[in-house]
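What follows is a single structure, written as structure tokens, with notes after it.
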Amino acid sequence: MITAEKKKKNKFLPNFDKQSIYSLRFDEMQNWLVEQGQQKFRAKQIFEWLYQKRVDSIDEMTNLSKDLRQLLKDNFTVTTLTTVVKQESKDGTIKFLYELQDGYTIETVLMRHDYGNSVCVTTQVGCRIGCTFCASTLGGLKRNLEAGEIVSQVLTVQKALDATEERVSQIVIMGIGEPFENYDEMMDFLRIVNDDNSLNIGARHITVSTSGIIPRIYDFADEDIQINFAVSLHAAKDEVRSRLMPINRAYNVEKLIEAIQYYQEKTNRRVTFEYGLFGGVNDQLEHARELAHLIKGLNCHVNLIPVNHVPERNYVKTAKNDIFKFEKELKRLGINATIRREQGSDIDAACGQLRAKERQVETR
């Protein structure tokens, strides 16, 4: 729930007249109802309408009194996302460009796997981290999303899957934006979708990825939540990582590893390192050896990512043979590593690419 204190703390939050009803955790809905002189058990009914029956309006909540429905309408909106573009890949990946109520656009991706359906969600409109290989940073950061706007991405995809009686089984927070720069809303989102009164998606089926906002890594380590944790690393040496990710100048590799060690001491959980391979930049055997030396001794897994080409960026894909050699060298050195399966390569699958293309069309 967005309070005045939250707005003061998070200057990039939108200033809507009413906040999304999806931004309330179950306990917050209970407390709000009691404050309004309503019965606490109504929260369960409201959440059933929102997350099991997945209604699009408060008026459809027919087992609530008219007075309570009006009270809800006076204070909240049922956030709806308008589909601007839908691209479907031959491998079943679907990329959505959604329009928010203030006209900004965001991306959400549905990825189909043998083990279920995964949704990649966005946490910000744009991004200010400035990774030099990423289309998400084109145009900078416009604003943060409310927790309810992040929840709505999952719900909107779930509604599309309802027609074929499928369900969203995994969530990855790897879309546009840096989740740890919208930390409180991200945490509310996690607690909402994990709640068995809501979508009941297991914590171990949810992954949060960060570019390495070190203070928030310490905060995340102290949270009582079993969410999977991933770090975009992409290079073991500061010189190369700073070139790829300017955030490294503020939070360098040494400090990042220290924060990850703290996370593991607190949680005893494995960390995934995401390592995008860029031709001639970080994809040689010497880079694999540097990476292995850096993370040796950590409980970790390396996810090697053959990057999607972004026309606005100059990086090129690593040759397939070099990718296999890189993986083989890591394994030889005792590092658990896999190559991520490419999905959506025949559509605008790179993070932020579809939104960037749409912005170009709008400004012509």
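Positions of Cβ are set from backbone N, Cα and C atoms, glycine also.
Now, the feature entries from Swiss-Prot:
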type: ACT_SITE; residues: Glu107; note: active site, proton acceptor
type: DOMAIN; residues: 113-346; note: domain 'Radical SAM core'
type: BINDING; residues: Cys127, Cys131, Cys134; note: [4Fe-4S] cluster binding site
type: ACT_SITE; residues: Cys351; note: active site, S-methylcysteine intermediate
Can you tell which of Cys127, Cys131, Cys134 has the least company, meaning the fewest other C-beta atoms within 10 angstroms of its C-beta, among these binding-site residues?
Cys131
Distance, the residue listed as 'active site, proton acceptor' to Cys134 ([4Fe-4S] cluster binding site) (CA atoms, angstrom)
14
Taking the Cα atoms as reference points, how far is Cys127 ([4Fe-4S] cluster binding site) from Glu107 (active site, proton acceptor) in Å?
13
Just the number: how many Å between the Cα atoms of Cys131 ([4Fe-4S] cluster binding site) and Glu107 (active site, proton acceptor)?
18
What count of other C-beta atoms do you get within 10 angstroms of the C-beta of Glu107 (active site, proton acceptor), across all chains shown?
26
With DSSP assignments reduced to helix, strand and coil, which class does Cys131 ([4Fe-4S] cluster binding site) get?
coil
